[in-house]
Amino acid sequence: MRSFRAVRNFSTTAKRLSQAPKASTPNASSGNGFVLAFVAAAAGAGAYYYYANSPAAKVETFNATKADYQKVYDAIADKLIEDDDYDDGSYGPVLLRLAWHSSGTYNKSDNKFGSSGGTMRFKPEASHAANNGLVNARNFLKPIHEKFPWISTGDLYTLGGVTAVQELGGPIIPWKRGRVDEPESASPPDGSLPDASQGATHVRNVFNRQGFNDQEMVALIGAHALGRCHKQNSGFEGPWTFSPTMFTNDFYKLLLDDKWQWKKWDGNPQYEDVKTKSLMMLPTDMALATDKNFKKWATAYAKDQDLFFKDFSAAFSKMLNNGVDFPQGTEIWEFKPKNA
């Protein structure tokens, strides 16, 4: 496999190097507690990590192969099993949320933001209200990054989401390496992610900005098959399904088949299921049941889990890749699940 030279706009790379922390402080952190001492870049067939002790930065080469990235995947998967002291016994849902939120800032009008820069590691993006609670995912991945310092933060966060979906029973997610960590100044503006209190028009506006059509929007919101909301983080509370650590199409089934009512409580307006009052739906979720075109796709996914898996895989892979300047010839990889 041919290794590459760091030739992607070397002058730009050199400027980024001046932003890199010193190699002697591998655990240095910003306000959010997760700035590692390596700035990683990946292109072609290899991954590079480098450090700067002076303006004249040194470059260290690591020729990472697919097998090396599989080791990162496996380490995340193993830790998901070993470290079960989190919501419903799994960090998987919050890893998916980290990957989703890191990528969902993309703006197709100027091809900026998205997962490429790994800027969720900095306080400005990490402190956006929509990202409350994601410190748990970043801290979960911190020892993985220390073990594999050559992988960029953007690649690690997105690979964490891929691992979560696959290890919790979801579809295989095609993935590409090559995200280049950017300095804090590259952080996206607040307000780029969906506001869960809104309706169909807002959903379309946010996802259209990223280049998604109605079908892709509905598939991506199906990520709510996993996890739960926390009042202290978002103002909403509860899981969407009875199996929040299993990736299924139950989200759509429950949304369309159950009866829902407004929850009477002191948090943000949300829906609860009439029968058990233990499940929740967000106003943006309910838009999938009330908007004619959204409902068409939600109904299709409720009836056919294989179709949902296929469409989610394609849409989520697209989301992870949006805004990334992959070197020409970068391969698309699929990783073998540990639970296979």
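Quick reminder: no glycine exception, Cβ is built from N, Cα and C everywhere.
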## Note on the structure
Which range is region 'Disordered' per Swiss-Prot? Of 103-126, 175-198, it is 175-198
### Task
Mind checking which residues of the chain, 6+ beyond the ends of the region 'Disordered' (175-198), have their Cβ under 8 Å from one of its Cβ atoms?
8, 16, 19, 30, 39-43, 47, 64, 69, 101, 104-105, 107, 112-113, 115-119, 121-125, 128-131, 151-155, 158-159, 162, 206-207, 234, 236, 268-269, 282-284, 317, 320-321, 324-327, 330-335
### Query
Counting all other Cβ atoms within 10 Å across every protein chain shown, which of the recorded positions Arg97, His101, His224 scores highest?
His224
### Query
Can you tell me how far the Cα of His224 (heme b binding site) sits from the Cα of Arg97 (site 'Transition state stabilizer'), in Å?
9
### Task
With DSSP as the reference, give the number of residues of the region 'Disordered' (175-198) in helix, strand and coil.
3 helix, 1 strand, 20 coil
